[in-house]
Amino acid sequence: MSFRGYANGARTPDILAAMRSTPRPSVIRNGLPPSSFRDNGASPRTPGTGSRPPSRAGAATPNEGGKPLHEYGPPNPRDPLDVEIARIANSLPHCLLIERIDPPLRGAPKEGEEIRAQYAFAGPLARKVVACKLTTLARPAAKGVTKKVMCRVGGGWQDLHLYVMSRQT
């Protein structure tokens, strides 16, 4: 005997009769699918063109022009880390308020010296203090020196560009 035979045998005959006589909404009647699946032509099936607004209307970044909501002006224009953070942060659309926690450099850094400082990234919900460092990569094949700002996240380092984009809420 199959599983269906065992399952039907456990039920009483009046329950089986009631189940057979009760119409099910998923059964196709008169060759037509249920009304929720029919295409009446009255409303298009593409999202965003109906009468209701999308459910995540405000989920995008708050600034639609591609510019940051808060511009970061470096407190010390002679500090290469501040200048690089300002260049990266002002080139991305974000709503973070960035401020330097550590005091600015007193003098110009030496060639090849690692520059580190702590910065606060304040969003609409929370403020996070992150250690940042400037790394310079000198490649013989590339023209000039490549500069990257890395942020201490968890147990490793993450590029500032990726960190700012992941902090969007």
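Each residue, glycine too, has its Cβ placed from N, Cα and C.
TrEMBL annotations: computationally assigned, not manually curated.
Keep in mind that this is a model prediction, so the values were computed, not measured.
Copied over from TrEMBL, here are the features:
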- 76-169: domain 'GAR' (DOMAIN)
- 1-80: region 'Disordered' (REGION)
Q) DSSP helix, strand and coil counts for the domain 'GAR' (76-169)? A) 19 helix, 37 strand, 38 coil
(Q) On average, what pLDDT score does this prediction assign to the domain 'GAR' (76-169)? (A) 86
